[in-house]
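Notes follow the structure.
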Amino acid sequence: MTFPRYILGIDTSCDDTGVGVVELAPDGSVQVRANRVWSQTVHAQYGGVLPELASREHVERIDTVTGDALAEAGLTVGDLAAVAATSGPGLVGALLVGLMYGKGLAQALNVPFYAAHHLEGHIFAAASEADLQAPYLALVVSGGHTHLFDVPREGEYVLVGATRDDAAGEAFDKVARLAGLGYPGGPAISEAARRGDPEAVPFKEPLQGQKGFDFSFSGLKTAALLAHRAGAKPEDLAAGFERAAVRFLVGTTLRAARAYGRETVVVSGGVAANRALREAFAASPVRAVFPGKGLNTDNGAMIALAGAAAIRAGRAPSPLSEGAVAYAPLASV
């Protein structure tokens, strides 16, 4: 089978303008050739992402980031054989920028266009890095998502558990903000936690005794707020919160791995960069696979990888009428 060689991927689902290029070899193997991300620092002053502002920033940056990605790959736009872009889930206005840009580029080049699911992109960011074959569990944990999937076969996704309230990354952001540690909260919490004492601010494990594999972070947020009001040191608060969140994520995932008989867990999304989370999984009985450098947070290379997977699986290109969707369950394809 002859595959399109160079695939461009675009992700504008939130506040990062990501464009990447992968090379799909005749044997089906795939290699990331470029991955460029423009992170919108303007949102830091607001303590969170402003959707309309994010959309405007994408419009201003996407052409430049695309050019940078092509230059990094040593290619011209005419070398592209397919284009993939995130269609959801995410901020609709932001998604539309990348989606319309990708469609227009594919149409101008007369090459196939593939609408990609943001969560599938995160999964492939780790799975492709290790040339991993199903079956495995996939934990996608980021600022907007906390989902646990069983992946019995490539392209088949069974939702095992999900957050009942906040996503893990969102909880990190909110706790960091109330403790005055800055934004984004993930790196801020991780850095402060190194200087803190987790025993100084104890947190109870959420959803104790549950038979399923769901997540919840509202209780940890409330406990952090109460500790802050009681005068807890920011670094101790960060240490206690991080330890509780990591134990909860890892413990729930390990229970699911035992229940589904999986020995390998893919861990992806922005929170996957957390040092404590990686160390906890490394010490666990499962094989934990994480994305490579630059592929944890939102990026275009992971969408190009999802496009490559669609091509290898023989999926038909997406219609140019494909729209952006804010909420899109990851269905088996």
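Keep in mind that glycine also has a Cβ here, set from the backbone N, Cα and C atoms.
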Listed in Swiss-Prot for the substrate site shared with VAL140, VAL141, SER142, GLY143, GLY144, ASP173, ASN274, one of GLY161, GLY186, GLY261:
GLY186
Report the same-chain neighbours of ASN274 (substrate binding site): residues 6+ apart in sequence with Cβ closer than 8 Å to its Cβ, ordered by sequence.
GLY186, SER190, GLU242, VAL246
Could you name the residues, excluding HIS118, HIS122, ASP298, of the same chain that surround the Fe cation site, i.e. Cβ within 8 Å of the Cβ centre of those residues, in sequence order?
ASP11, SER13, THR86, LEU119, GLY121, ALA125, VAL140, SER142, HIS145, GLY269, ASN299, MET302, ILE303
Does GLY144 (substrate binding site) have same-chain partners at least 6 apart in sequence with Cβ under 8 Å from its own Cβ, and which are they?
SER13, CYS14, PRO89, GLY90, ALA167, GLY169, GLU170
Report, in whole Å, the straight Cα-to-Cα distance of HIS122 (Fe cation binding site) from VAL140 (substrate binding site).
7
Sequence gap of 6 or more, C-beta under 8 Å: which same-chain residues meet both conditions with respect to SER142 (substrate binding site)?
HIS122, ALA167, ALA168, GLY169, GLY269, GLY270, VAL271, THR297, ASP298
For SER142 (substrate binding site), which of the three DSSP-derived states applies: helix, strand, or coil?
coil
